[in-house]
Amino acid sequence: MKKVILLFLITLLVCFASSLTLVSCKSTYLDSKKSPALLDIAKENDSNAFVNLRNYSNDFVFDMKYATADNFLKEKVYPCDECFLRVKTVKALLEANKSFLTKGYRIKLYDCYRPKAIQKKMWKIVPDANFVANPKKGSIHNRGGAVDISLVDSLGAEVNMGTKFDFFGEEASHNYQNLSEEILANRKFLKEIMLQHNFKSFDSEWWHYNLNGSNKDEVSNQKWHCAD
Ligand SMILES: [Zn+2]
């Protein structure tokens, strides 16, 4: 019993010490429980805090591929189909979506924040940096500043971007030009509006966008608390 108390005290002490050095020790959970009414992102003062995008807008389409087995890993690696992001990423994304909506389109999301523990799990399934970011370094998805997206039209039909999400081949690259005029125009449309709203494209994946400056944020490993 004494040992248990001692262990508890040591844990407390370590957590207290680490909080002073800004290394998070506490186990924080991102809650998937929805707010009964939509919240206003302008009222969120901590731009680095993680929030659930679904609480701020009903205007997105969610197709969170890693919460299903319909992905290149062929395994469900997320406990539920939520899109958590930092407040600043949500702010920029809401503005981008408003812009698409005025043109008759909306953003469809495939992936958002990815906790480091899940990055490790993915690396274990596919330990190849051509397909999965090495968890040692971490990706912008692990920092809450990246989104994988496409567009749907006003009838909900997906816009043709030439390849599926997570297609690993040169056809998925922004630099690949051997595509129809329509596909090239669709990718350009997505890219132009995202760039206007403080996002940066990623050359080899037409679907991936990083919020500018988010590479400076810390890799985060928050657990998701999924609603039943
Ligand atoms: Zn991505």
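Cβ coordinates come from backbone N, Cα and C, glycine included.
According to TrEMBL, the feature active site, proton donor/acceptor maps to GLU205. There are 17 other Cβ atoms within 10 Å of the Cβ belonging to GLU205 (active site, proton donor/acceptor).
In sequence order, ASP111, CYS112, TYR113, ARG114, GLN119, ALA133, ASP148 are the residues of the chain that are 6 or more apart from HIS141 (Zn(2+) binding site) and have a CB within less than 8 Å of its CB. The feature Zn(2+) binding site is assigned by TrEMBL to HIS141, ASP148, HIS208.
Reduced to three states, the DSSP call for ARG114 (site 'Transition state stabilizer') is coil. Within 10 Å of the C-beta of ARG114 (site 'Transition state stabilizer') we count 28 further C-beta atoms, all protein chains included. For ARG114, the entry in TrEMBL reads site 'Transition state stabilizer'.
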Other residues, Cβ within 8 Å of HIS141, ASP148, HIS208 Cβ centroid (Zn(2+) site): TYR110, ASP111, SER139, ILE140, ALA146, VAL147, PHE202, GLU205, TRP207, TYR209
Cβ neighbour count within 10 Å of HIS208 (Zn(2+) binding site): 24
